[in-house]
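Read through the structure below, which is laid out as structure tokens, and then see the notes.
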Amino acid sequence: VELVMVVDHAAFQNYPNLQRVHTRTLEIANQVDVFFRPLGVRVALLAVEVWSEGDKIAVGGSARAVLERFLRWRREELLPQLPHDNAQLLTGAHFDDVSVGMSTQGSVCSPTRSGGVSMDHSVSVLVVASTVAHQLGHNLGMRHDGAGRLCDCGDLRHDRGCIMAPPTGLTPGLSFSNCSRQDLERSLQQGQGWCLSNVPEPQVLTGSPTCGNHFVELGEECDCGLSVECTDPCCNSSSCQLMPGAVCATEDACCEDCQVCEDGHPC
């Protein structure tokens, strides 16, 4: 999912320093990516737009009203300038209703409907990232847990809800449930994720190169993820450099036993 994060003026004023806002927003997006990785989904942050001088839409009213205004702005202003799959607004304002966020259902590849809005309602990056992940989950076709379904995630044993639980008094969830996984699989089987198969070029990602994020960035020869998840014998997960004697990584095209396949070998 090629993501753009937008920070409104009120959220900017919570941390009135552009570098600090950029860093915090990058941390939130990275945590959203961590939440989605177990589902086989990667979230790649293309850009952060901060409305430091003033809002580009009216952010007052209900969450639904703000969402509709944000989606219109995305379609008319943001998308023509920067092609992307999904945009999420972080607002420092309070919605008139009780919700901390809202998004559209099953819309992730829609040029008119792929986005969500979330309140920047906590100093905790984890808590806000859980809210953003909830909105993106809806965009990807996930429904709320419960409602007659037996949904489980490890967080339930730690007095947390799962990420797609309806808003409750529980601490926000830090993992998706089996129901969310099933909803995502159904959504992708129905073709709703047609825009998600391309991998963005490393140079368009926001933030400095990070070894362990599965993107081969400037200065890296390979990136097989964190040490606990890397299964590529050709790649050093600590340095993101090829192992001695290796000329390619297993995930590269036409690479077998850390060597480039011979001419004529089907790839």
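We number each residue from 1, going along the chain as drawn.
Heads up, the Cβ atoms here are built off N, Cα and C, so glycines get one too.
Positions annotated as domain 'Peptidase M12B' by TrEMBL: 1-200. Residues or ranges marked as Zn(2+) binding site in TrEMBL: His134, His138, His144. Sequence annotations record features per position, and here TrEMBL assigns domain 'Disintegrin' to 208-267.
Feature annotations (TrEMBL) mapped to structure.
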residue : record              : contacts (Cβ under 8 Å, 6+ apart)
His134  : Zn(2+) binding site : Gly101, Ser118, Ile163, Met164, Pro172
His138  : Zn(2+) binding site : Ser103, Thr104, Gln105, Gly106, Gly116
His144  : Zn(2+) binding site : Met164, Ala165, Pro166
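Listed in chain order, the extra residues whose Cβ falls within 8 Å of the Cβ center of the Zn(2+) site residues His134, His138, His144 are Ser103, Gln135, Gly137, Met142, Arg143, Ile163, Met164, Pro166.
Under DSSP, residues within the domain 'Disintegrin' (208-267) fall into helix, strand and coil as 0 helix, 8 strand, 52 coil. DSSP classifies His144 (Zn(2+) binding site) as coil under the three-state reduction. Looking only at the domain 'Peptidase M12B' (1-200), the predicted model's pLDDT averages out at 92.
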